[in-house]
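Here the structure is laid out as structure tokens; the discussion comes afterwards.
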Amino acid sequence: MEDTFKIGGRELTSRLFLGTGKFSSNRLIPEAVRASGAQVVTVALRRIDLEYEEENIAAYVPKDCILMPNTSGARNAQEAVRIARLARAAGCGNWVKIEVITDNRYLLPDNYETIKATEILAAEGFVVLPYMSPDLMVAKKLAEAGAAAVMPLGAPIGSNRGLRTKELVRILIDEIPLPIIVDAGLGRPSEAAEAMEMGAAAVLVNTAIATAGDPVAMARAFGLAVKAGRLAYLAGPGETQEYARASSPLTGFLRD
């Protein structure tokens, strides 16, 4: 049986979401999408240009993918809501990744403005995936507000520092009855695999792929790592032990 999961009524087979913000050329995007196997691709609304197709990043996203605009640039809930509405009016569908950031140094999300935006947009029929700093109470409020999934950061955006929030993300996986999608900071395929081994529903990767020496090869590497991590989670890793345990008997071979 195929391992799938659902968001907003859509059944997904790929657990790797792909961001598009940092590719050196838009022409790399369709190649990276195909190599990664991603079905959900995020784009910033400010990079969607309906007048000039060459500059319109959405034109490079394969038509069979779910286009998920993000509200990058929003500083409060009102701005995030406005961006989401503009994206839907521009024909980008009703999926939206909420990003509300007022911190210009660390680019950490404003969880409370994110909750407000989620509640408004979910009530308007959007499939809302909020980007948030991992916090159990905030995640519960996002679920109550109508979020379709929760997207806790692994590390600050674009840092490639890995899963620095591991224990906090684990709590969300255990306690929140929504897909948990680790977003931001994952810099290596092994880190994506680690998130999946913990039980995350999916991961979103942008910088680590887009800024790699060979973005298409790195996209494939992340796709394989996500599959490996998910398979390991389903297989059920063995327990860790404090002391060594021999895998073969230590007695009864050369002596009684």
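Using the three backbone atoms N, Cα and C, a Cβ is placed for every residue, glycine included.
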Given Swiss-Prot lists ALA184, GLY185, ASN206, THR207 for 1-deoxy-D-xylulose 5-phosphate, the same-site residue among GLY158, GLY223, GLY229: GLY158
Three-state secondary structure, LYS97 (active site, schiff-base intermediate with DXP) (per DSSP): strand
Length of the line joining the Cα atoms of ALA184 (1-deoxy-D-xylulose 5-phosphate binding site) and LYS97 (active site, schiff-base intermediate with DXP), in Å: 13
Cβ neighbour count within 10 Å of ASN206 (1-deoxy-D-xylulose 5-phosphate binding site): 20
Where GLY185 (1-deoxy-D-xylulose 5-phosphate binding site) sits in the secondary structure, as DSSP reduces it to three classes: coil
LYS97 (active site, schiff-base intermediate with DXP) and ASN206 (1-deoxy-D-xylulose 5-phosphate binding site), Cα-Cα, nearest whole angstrom: 14
